[in-house]
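Annotation source Swiss-Prot lists N(1)-(5-phospho-beta-D-ribosyl)glycinamide binding site at 22, 23, 82, 286, 355, 362, 363, citing sequence analysis. Marked as ATP binding site by Swiss-Prot on the basis of sequence analysis: 114, 155, 160, 161, 162, 163, 164, 165, 195, 196, 197, 198, 203. Swiss-Prot lists 119-308 with the feature domain 'ATP-grasp'. Residues or ranges marked as Mg(2+) binding site by Swiss-Prot on the basis of sequence analysis: 267, 279.
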């Protein structure tokens, strides 16, 4: 790797975050711990990572010309995408011109579109997945649902945090599911994926790091989803040695195919010793927030080390830990958090994200906890999150 310069000096090593949410905020903090100069970009002002960055910009990152102009002006050494709504074709062009995109522009483009990553996993790598079809019209959507059968799931090919996702149980659900998926889409893609139901015992996120010293795995993270978005996560998730080995093999094949240095959040379904591929993100994963207390190197620290070309070595896991989200339904531009003394019980921590607006349901923070067992840690995290009083 190249030497790291000093932030705000002529030879500074600059990192530009495309997306400045709570995950980007932690990447910014870890970057600054290594002396990097951080530039945060998002579509709204005062986003969480902007509050800790050296400087920030507000723009629509789907506008390729504007994105290119900003990057050429700031001249970052590393471009680090955190969200899906980005002009990925521009990133491909910039990378061909010599810019470094994390982990690489191809990985960002493929994974920000469910069609790209699903075809890579199922058709190129021949990994087990749920049955699926893609549709770009209501007629094609109806046909896809008929072929997959009920129950099935509809998702925009580009979305985040569960937006636009729904379950279909009968013909009455088809039209509303199509409309909901189209409304929840991000970026320029209009297609919808229809997925068949997968019966599983549990689902995991296997944080997988591709670095200068090889591929590394964090302990598997279990999580509970509701309405397509994570509500709590825990590490480690107990699973059989055979299932863990299969999960690691699948994750390794996916990240090798995507390429580049960085951390990948590989989502998998587990049924006994069987493992089925679900999705992958080429960046820190929201369920991985638990690693802020569960590991000596959080997923954010691992991501930064990896894309800088630094070795990872051994990742130490501290035992049963859990996270539970703070997810109020409010309308406010000036939220306050109360009862924190009660929330911060022994063996717990809080992260309040500092989001400047809430207009409905929005994740504003996370409670973190550890314990003698997974269930103890989960209960502590849930109790801590429930104790926080959030007022508009």
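The backbone N, Cα and C atoms fix where each Cβ goes, glycine too.
Annotated features taken from Swiss-Prot, shown on the structure.
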residue	record	Cβ neighbours (10 Å)
22	N(1)-(5-phospho-beta-D-ribosyl)glycinamide binding site	22
23	N(1)-(5-phospho-beta-D-ribosyl)glycinamide binding site	26
82	N(1)-(5-phospho-beta-D-ribosyl)glycinamide binding site	25
114	ATP binding site	23
267	Mg(2+) binding site	20
279	Mg(2+) binding site	18
286	N(1)-(5-phospho-beta-D-ribosyl)glycinamide binding site	23
355	N(1)-(5-phospho-beta-D-ribosyl)glycinamide binding site	19
362	N(1)-(5-phospho-beta-D-ribosyl)glycinamide binding site	17
363	N(1)-(5-phospho-beta-D-ribosyl)glycinamide binding site	20
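Only 114, of the binding-site residues 114, 195, 203, 363, have a C-alpha within 10 angstroms of the C-alpha of residue 279 (Mg(2+) binding site). For the pair formed by residue 164 (ATP binding site) and residue 363 (N(1)-(5-phospho-beta-D-ribosyl)glycinamide binding site), distance between Cα atoms is given as 17 Å, rounded to the nearest Å. Its Cβ taken as reference, residue 203 (ATP binding site) is surrounded by 20 other Cβ atoms within 10 Å in the chains shown. Once Cβ contacts within 10 Å are tallied over all protein chains shown, the binding-site residues 195, 197 are led by 195. The Cα atom of residue 203 (ATP binding site) lies nearest to that of 286, taking the binding-site residues 23, 286, 362 as the candidates. The DSSP secondary structure for residue 362 (N(1)-(5-phospho-beta-D-ribosyl)glycinamide binding site) is coil. Cα-Cα distance from residue 362 (N(1)-(5-phospho-beta-D-ribosyl)glycinamide binding site) to residue 267 (Mg(2+) binding site): 22 Å (rounded to the nearest whole number).
Counting every protein chain shown, the number of other Cβ atoms lying within 10 Å of the Cβ of residue 164 (ATP binding site) is 23. In the three-state DSSP assignment, the secondary structure recorded for residue 82 (N(1)-(5-phospho-beta-D-ribosyl)glycinamide binding site) is coil. Computed over the domain 'ATP-grasp' (119-308), the whole-number mean pLDDT of the model equals 95.
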